[in-house]
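Okay, structure first, notes after.
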Amino acid sequence: MSNYNTFTMSHTNDITTAHGAPIETPATPVVVDSNTTTAAKGPAVVDEQPSDERPSDDTDAAVNQGLHLLEAKSTRWYSYFLTPDFWIVLAIGQVLALCITSTNTFTSLLDGEGTNIPAFQTMFNYVLLAVVYTTVFLVQDGPRAWARIARQDGWKYIIMAFLDVEGNYFTVLAYRYTNILSAQLINFWAIVVVVVCSFLLLKVRYRLFQIVGIVICIGGMGILIGSDHLSGGNGGPGRNLVKGDMFALAGATCYGLSNTFEEWLVSRAPMYQVLSFIGLLGIVINGITAAIFDRDAFQGATWNGDVAGYLVGYTLCLFIFYSLVPLVLRMSSAGFYNISLLTANFWGVIIGIKVFDLNVHFMYPIAFVCIMLGLVTYFLSGSMLGESKKPWLGENQERGVLGIGTAKLKALKAAKKAGADPETRYA
């Protein structure tokens, strides 16, 4: 993804077109988008249908009107904080941080049992993603649509899955060789990669308050790292700092690129489609990685009831994490997603108190408050749409999917509330 062409595909191969987009319906507990809409006095339209069966122009006109209504509203610096979207995305960000903390905890418990298989233990997550979301994909759109997307857009998902798998692998591997302090510092590189890629490739323009919010969050994380260092919790000298730091740098780079790419994908395609291909291709790529690098560790691993339970817990937490990430990327951005995860260290200590008998340094609560203030600052003086309106989707978001968390769906709801296109149905 080193050039802009990675993100500017021809519209003839996209899932959506300039004339319309699929409509999605959320289901719980799995985040799913359905893909049908009924235009006024017309039949239901499926998002994978030929171009002559696109949603009506009335829907596009309603979206256009809704966007103008939302952007024309008089806003104050705190206006976005009064919307449900802000609190939802803030809460989901902390749920994701807790999921990351939980997966790290289960990994530590596995290591304590003598089972250290970083690639193989993630395999079950990709299998679960593939089974759940491919089933949804086939039920919603049918085998023909799946085959066409695989043929047209498969290469995009191969890149996405590769970056995701290797990001997971290198990050876990880094902790074998370097200390916690070095690994945490290098993980900041993922935020830099996201900001730079979003600016250069996706034409995202950050406001002053967003930059300030990111800096405040990083400052809070710095307090966490400093307290670890002062309390002697930095993990010691490490087995091979240079080697471990290189692995951490590679993992952070893969994470930053995959987060940015996934934001682009889920803004243009149903979430179940993206997660389906990440699962399917992740099985292949992760399987190859495990076969090459985890073979000896797998043979020497301990296998008992406790290990099985830890693997189940790890897989479920990671599955919830993967299912919620696309929603955050739609409602906010890859940048906000990454700084939200900075609180994972705080939640890790809270869990560590109960599980590993860790002690809390007095600076930890200060750091947590600092990071949360940074997250709030990030959305100061924003519009009523927050970051859900993506610049790469067009002025009226015409190249985007009409689904949960998108500016397009918010605009359609606003237009319907104002009396436009009253017969259009959506989630």
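Cβ atoms here come from the backbone N, Cα and C positions, even for glycine.
Here is what TrEMBL says about this protein:
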REGION    38-60  region 'Disordered'
TRANSMEM  86-103  transmembrane segment
TRANSMEM  123-142  transmembrane segment
TRANSMEM  154-175  transmembrane segment
TRANSMEM  181-201  transmembrane segment
TRANSMEM  208-226  transmembrane segment
TRANSMEM  246-262  transmembrane segment
TRANSMEM  274-293  transmembrane segment
TRANSMEM  308-329  transmembrane segment
TRANSMEM  336-356  transmembrane segment
TRANSMEM  362-380  transmembrane segment
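Recorded stretches compared: 86-103, 123-142, 154-175, 246-262, 274-293; the one with the most Cβ pairs under 8 Å to the transmembrane segment (362-380) is 86-103. Under 8 Å from some Cβ of the transmembrane segment (308-329) lie the Cβ atoms of residues 30-31, 89, 92-93, 95-96, 99-100, 102-103, 106-107, 109-110, 113, 115, 121-122, 124-125, 128-129, 132, 259, 262-263, 266-267, 271, 274-275, 278, 336-337, 340, 404-405, all in the same chain and six or more residues away from its ends.
Remote same-chain partners of the transmembrane segment (86-103), defined as residues 6 or more beyond its termini with a Cβ less than 8 Å from a stretch Cβ, comprise 80, 313-314, 317-318, 320-321, 324-325, 327-328, 331-332, 336-337, 340-344, 347-348, 351, 375-376, 379, 386. Here the transmembrane segment (274-293) has Cβ contacts under 8 Å with residues 117, 119-120, 122-123, 125-134, 136-137, 146, 149-150, 154, 157-158, 160-162, 164-166, 169, 262, 265-266, 322-323, 326 of the same chain, all six or more residues outside its ends.
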